[in-house]
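Q: Here it is, the structure, as structure tokens.
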Ligand SMILES: NC(=O)C1=CN([C@@H]2O[C@H](COP(=O)(O)OP(=O)(O)OC[C@H]3O[C@@H](n4cnc5c(N)ncnc54)[C@H](O)[C@@H]3O)[C@@H](O)[C@H]2O)[C@@H](O)CC1
Ligand SMILES: [K+]
């Protein structure tokens, strides 16, 4: 059993792949082995979460997820705990494995009840796993509501009930995290839906158990990549070794966004950082960051630079984009640059042509910007974030960073997309997107390939928030860019 953290690197498999893997594993083992192992793993984790629990409520559904719950209840009873099982569905319709585990729970002396216990110290959610097909209703919906509102910890078996394990979307009527602290133990494969969209809140801390089946060689659906390797710097290096970043943005009244991206590129290790402001009346120097070289955006020669284009750029950036596409050695497109592209078919074709030429290019849309680029609604983007990111990468031939809970980084090539596990809600403050664009720019300027530059910067960006001192002032985009709470 392994706890999954932002440092974990692993393959993720969708439901269809998981079913294939389960069938192969099941065929190679004596009947009922996988469910016994799954139930034992649930029981062990339950004992670790609530070692002093007097009563453990186990809510079991009509399929094999419920079977895992019956099995866990039997194992807990054998170890001196008092599980109370409530179950949904017709006993005669249970799949064979689940039926066998139900019998084992009865034989172990587990208590069965028609309603949840009034007092309990841990709830085990074994209502629905990867076989969830429709929104829970009736008793199932009531039990989910009760367990998540109670404030007692909830241990989700395989997948939080009602969560789509492929996409991380929750069935209608099922709420993400409420009062409860959530833990999820997932089996055989790590599923992408646990880590993006509503999955992070619904699953809480994720544990993985391969049920003794080892790693699978199939092409993964996606990956989690863990902490990037440090990029050591040669002693005999100089500012030219780490490249030039040129931020293009900062229309009238929005210079701050461009300066934040510039500061992030600077603290991200770029050799030199130019900030090309679109506001002709902008001040000639940023006295708080004199390292930044402020210029008129139109005067910058981008042919040997990484351009970070769009932060606070307003509509004016649209005119500059054709020249930026054709001249920038490497390019990050954010915010207003993405909005300008979404509104103009010619710019879209030019971006796709740049992507096709192989010039390093990264786009960093949040869900609304992604929706505009794909001509879809935000709801459609969020309904399948992996597909949206892959679609953007393929359409424009660029690396696409779809921001949000569980940021997705997709390449236009064959590599499976990455879901980033670092970061937290501290990042939900104005300007943190500009900072990310600047950080990616610095990694590109240092010569990292576009996909690596994007995923490493995304991870670092989240990691700074994860390691923000609890007693420090709240994270702001400015302090995030400087990587320090001062
Ligand atoms: N077969 C085995 O040996 C193993 C099974 N495993 C467990 O089995 C799970 C998959 O089992 P299943 O394929 O039976 O799927 P589930 O147990 O997730 O549920 C499928 C059943 O729930 C019903 N259902 C779906 N949505 C519903 C809703 N909203 N309200 C009421 N009923 C609903 C379906 O009609 C079906 O009867 C995994 O998630 C995992 O927990 C794992 O333990 C690995 C081993
Ligand atoms: K479940």
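A Cβ is built for glycine as well, from the same backbone N, Cα and C atoms used for every other residue.
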Q: Please state which member of 431, 433, 438 TrEMBL lists alongside 403, 404, 405, 406, 407 for binding AMP.
A: 433
Q: Using only what TrEMBL says about K(+) binding by 65, 161, identify which of 107, 125, 201 is listed for that site too.
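A: Of the residues offered, the record points to 125.
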Q: Could you pull the average pLDDT for the domain 'YjeF C-terminal' (222-486)?
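A: A mean pLDDT of 95 is what the predicted model shows over the domain 'YjeF C-terminal' (222-486).
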Q: Please work out the number of neighbouring Cβ atoms within 10 Å of the Cβ of residue 133 ((6S)-NADPHX binding site), leaving out its own Cβ.
A: 8
Q: Can you tell me which of these binding-site residues sit near ligand 2, meaning the Cβ is under 6 Å from at least one of its atoms: 125, 130, 161, 403, 404, 433?
A: 125, 161
Q: Over all shown protein chains, what is the count of other CB atoms within 10 A of the CB belonging to residue 366 ((6S)-NADPHX binding site)?
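A: For residue 366 ((6S)-NADPHX binding site), the 10 Å Cβ neighbour count is 18.
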Q: Between residue 433 (AMP binding site) and residue 366 ((6S)-NADPHX binding site), how many Å separate their Cα atoms?
A: 8
